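Chemist: What TrEMBL lists as Mg(2+) 1 binding site is Glu70, Ile92. The feature Mg(2+) 2 binding site is assigned by TrEMBL to Asp90, Asp93, Asp220.
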Amino acid sequence: MADSLQTVMDYAVAVARKAGEVVQTALAGDRKVMTKSSAVDLVTQTDQKVEKLIIQSVKEKFPTHRFIGEESVAAGEACELTNEPTWIIDPIDGTTNFVHSFPFVAVSIGFSVNKQVEVGVVYSCLEDKMFTARRGRGAFCNGEPLQVSEQTDVHQSIIATEFGSNRDPEVVDKIFCSMKNVLKLPVHGVRSAGTAAINMCLVASGCVEAYYEIGMHVWDIAAGSLIVSEAGGLVLDVDGGQVDLMSRRVLAANNRSIAEKIVKEIVLFRPPRDDALDHKQ
Ligand SMILES: O=P(O)(O)O[C@H]1[C@H](O)[C@@H](O)[C@H](O)[C@H](O)[C@@H]1O
Ligand SMILES: [Mg+2]
Ligand SMILES: [Mg+2]
């Protein structure tokens, strides 16, 4: 598999770039907005078109591989991570940004074998930044090596998180309570890029010390998780334990010292797992 992983990586980069071009072209036109799990969980025809393009392209080259794609799952496909080679795809991470032309939009492609992410590609289309990682071979942005921040003092840190798309008042209260706790540590700032994949690339790039979220999905974080760990960071559950990609909880941090401080401030809850959730709504 070692050499074929490089073939997978090269192909994922080429496909992500092609997908990014479609996203950029679509930004110039009208976007028809539809909703999924809630009134603020948005999807457009471009999300669906880009996912089809990625899956069709990959199937031509790797006909036996499996897929977990955000929009295919929304259309009723199973969201099941097996030991088989699997492409984990978010065609547009940051759909709300895309709809509003808020300039952080990514194509995220992870590739897993034995349930472990081996290749991660995040293409931040509008910044034209291609983030890549292969397990054990480092993380890169446009070919330049990435390294997480060396900061160990949480008070000198920027922390990224997201509001998500669940507007259940109890969930919103928990999300705000965690944010308030983090802000009051105090930290230099709290930020939201509007995309999990780009938040993780910001950790990998050393611009923010940590990103945490409860409620995102496996396709949001599969590629980014490898990019963070290959840039020298840690990817954990929000309780500080081992991350489970299907659990919809993640904490990516530059080091353990920062991670431990953030864990203490997060109000924990468990959304339905990706592999237990009925995504077709
Ligand atoms: O649906 P897309 O692919 O845009 O992804 C999601 C983001 O990546 C989350 O971090 C974020 O919190 C939102 O839930 C957002 O929807
Ligand atoms: Mg996403
Ligand atoms: Mg998406």
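Using N, Cα and C of the backbone, Cβ positions are placed for all residues, glycine too.
Automatic, uncurated: that is what TrEMBL annotation is.
Give me the lay of the land around each of these features.
Modeler: According to its DSSP assignment, Ile92 (Mg(2+) 1 binding site) is in a strand.
Note on Asp93 (Mg(2+) 2 binding site): other Cβ atoms within 10 Å of its Cβ, all shown chains, come to 33.
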Chemist: Just to verify a number: CA distance, Asp93 (Mg(2+) 2 binding site) to Glu70 (Mg(2+) 1 binding site), in angstrom, no decimals.
Modeler: 10
Chemist: Of all the binding-site residues here, Glu70, Asp90, Asp220, which one's CB has the most other CB atoms within 10 A?
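Modeler: Its Cβ has the most other Cβ atoms within 10 Å: Asp90.
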Chemist: Expressed to the nearest Å, what is the distance separating Ile92 (Mg(2+) 1 binding site) and Asp220 (Mg(2+) 2 binding site) at their Cα atoms?
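Modeler: Between the Cα atoms of Ile92 (Mg(2+) 1 binding site) and Asp220 (Mg(2+) 2 binding site), the distance comes to 9 Å.
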Chemist: Taking ligand 2 as the reference and 6 angstroms as the Cβ limit (strictly under), which binding-site residues among Asp90, Ile92, Asp93 are close?
Modeler: Asp90, Asp93
